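Lifted from Swiss-Prot, the feature list:
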ACT_SITE  174  active site, proton acceptor
ACT_SITE  178  active site, lowers pKa of active site Tyr
BINDING   27, 70, 97, 174, 178, 208, 210  NADP(+) binding site
């Protein structure tokens with residue numbers, strides 16, 4: 001990210017554990033520790049105040065703060081960004097790591113014997129609110145506050161999942177949110193890079209031994225199929241320290257490997273491509289100015 005005379009500032013969302021043990025290892029917790037060890041100032045964000053306060057005991061007091069907030073609540077999340085900017089005067093990176101899995105069953109097997117008029121309740125879509133809306137909210141807030149950095153711009157790295165590409169049948173809604181995140185990132189990346197000097201990319205972990213994964217599932221997996229958190233941290237570092245201008249990249253973190261995933265080729269060539277090429281009058285009508293993309297249709 002170039003040279004800096006002041007420590008860089010990162011917001012790490014999803015920094016608290018989902019278990020009763022507030023310091024049980026998780027991607028957000030380990031990411032916060034890793035960034036602090038490299039000299040970053042880190043704003044840790046999570047829903048659990050007690051877990052956040054416990055986390056701070058394991059971080060440098062002069063470089064880490066905790067902010068209790070729900071990323072699916074725009075006002076709460078915006079308040080965090082505002083407080084961080086007022087505290088440190090800049091936001092260089094958003095690590096959008098908050099995430100949960102399905103909290104209800106879409107398959108409703110327990111309702112097989114219900115009468116036709118006994119309609120099941122709506123599914124709990126908290127997973128959509130946190131995993132997808134939280135990323136969209138965080139991205140918009142990052143755009144706003146990174147415009148006010150001493151050198152405008154910054155980095156956004158999102159924790160996705162390999163389930164976005166190869167869906168897990170146990171968690172269909174979770175995998176749907178992660179697939180949506182991938183396409184959202186690819187959709188906004190060119191404009192953020194060109195107009196805002198912001199790069200947005202995604203890391204996709206496989207099975208990581210964290211609180212979001214049931215311990216019984218970990219026990220049922222052979223060791224070579226487990227991805228160490230350290231591999232995910234390498235993925236984050238790849239994007240946070242990139243000097244080549246990567247944007248819209250999707251990076252699988254699998255065991256000890258980092259693997260890039262690319263967009264498929266258009267099935268019907270230029271006809272398929274034309275359907276998703278920016279038409280400038282529509283872009284201006286939707287967003288207030290032209291995109292300026294090199295392949296846009298005037």
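Note that Cβ sites are derived from N, Cα and C of the backbone, with glycine treated the same way.
When the Cα of the residue listed as 'active site, lowers pKa of active site Tyr' is compared against those of the binding-site residues 27, 70, 97, 208, 210, the shortest separation belongs to 97. The Cβ neighbour count for residue 210 (NADP(+) binding site), using a 10 Å radius and every protein chain shown, is 21. Considering only the residues assigned to NADP(+) binding, 27, 70, 97, 174, 178, 208, 210, the longest pairwise Cα distance works out to 23 Å.
Comparing the binding-site residues 27, 208 on other C-beta atoms within 10 angstroms of each C-beta gives the minimum for 208. The Cβ of the residue listed as 'active site, proton acceptor' lies under 8 Å from the Cβ of 99, 100, 101, 102, 127, 131, 161, 163, 168, each on the same chain and at least six residues away in sequence. The number of other Cβ atoms within 10 Å of the Cβ belonging to residue 70 (NADP(+) binding site), over all protein chains shown, comes to 17.
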